[in-house]
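Taken from Swiss-Prot, the feature NADP(+) binding site applies to 108-131, 216-239, supported by sequence analysis. As annotated by Swiss-Prot, K(+) binding site applies to Gly181, Gly183. If you look up Swiss-Prot, you'll see Cys186 marked as active site, thioimidate intermediate, on the strength of sequence analysis.
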Amino acid sequence: MRIEQELKLGFKDVLFRPKRSTLKSRSQVNLTREFTFKHSGRQWSGVPVIAANMDSVGSFAMAKALAEHGVMTAVHKHYTVADWAEFVKSADKATLNNVMVSTGTSEADFQKTKDVMALSDELIFICIDIANGYSEHLVEYVQRVRAAFPDKVISAGNVVTGDMVEELILAGADIVKVGIGPGSVCTTRVKTGVGYPQLSAIIECADAAHGLGGRIIGDGGCTCPGDVAKAFGGGADFVMLGGMLAGHEEAGGELIVKDGETFMKFYGMSSKSAMDKHSGGVAGYRAAEGKTVLLPYRGSVHGTIQDILGGVRSTCTYVGAAELRELTKRTTFIRVQEQENNVYGRE
């Protein structure tokens, strides 16, 4: 047993230090990033925010809506190949180029991924997603998927330390997904005692990935636009959002009317709700590691994504970053004990 003494930080522990800026307006800030990925050689241009691959967030409807803003969607893995075929027929190139095809690591998952990717050459992203990215099986699976899809962009995770980021990139991942337990409906840290404060995880994993020419996704922990900006400031190339995009018309969650008000069900993908729906219940050898909540129905996602991107633009103006890619270079975080004045409640 050993104890690491170095302080680890989450988004709530810091604020950006403002810096002199030549920008006159938020409209001058460019949030578009351009990446050339390490293994596939693919080039991609867009706003590097991703809707999470949860079945009450990462829907086909969400993908079409967010593509209008240049934003990506990791479509959840519970759609059938037939569902994908219908989506591919109805979606334009810009939408398909901004979609990640999510998969687990079973033999059935591999075959399904092959079937889905064969539907269109415009599907270029594969998201290999398991809760514990420290498994040797994941490394082997990444190698297998890379061999089968040499020209596709492969994301794999989730992990929170630089050593495993490096191993996954060397195995063939272009992007590594970073985050264990920070999500709004995730209870892994409570059930297992395992985790890592998300901002420190992003900072350390970004350093490891960029040294090898890889990229990272900061997955989870964002509660407001300022947190999204902090993730980018910490070095995340992409930021994945679940709870911030849940509850919207496009999210695909179950609508429930209670006492005359409309709510949408939102749950973690290791929750009892998810396992009852997709796995026939919680297996006898495991515990549920997610919660189920009812969110007030929020209408269309377009206003919310504009608010998120507007917040990030404003961050950039405060620190003098004319482009999103400059934000991490312009970032100085200060440690704080308070974030905001809550005398009239939280926004």
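Each residue, glycine too, has its Cβ placed from N, Cα and C.
On the backbone, the CA of Gly234 (NADP(+) binding site) and the CA of Gly183 (K(+) binding site) stand 18 Å apart. Counting only residues at least six positions away in the same chain, the Cβ atoms of Thr187, Thr188, Arg189, Val194, Gly195, Tyr196, Gly220 sit under 8 Å from the Cβ of Gly181 (K(+) binding site). Candidate binding-site residues: Lys114, Ile216, Cys222. Nearest to Gly183 (K(+) binding site) by Cα distance: Cys222. The two recorded residues Cys222 (NADP(+) binding site) and Cys186 (active site, thioimidate intermediate) have their Cα atoms spaced 13 Å from each other.
Each of the binding-site residues Ala108, Ile216, Val228 was scored by the other Cβ atoms within 10 Å of its Cβ; the lowest score goes to Ala108. Between the binding-site residues Ser120, Ile126, Cys222, Gly234, the minimum number of other C-beta atoms within 10 Å of a residue's C-beta occurs at Ser120.
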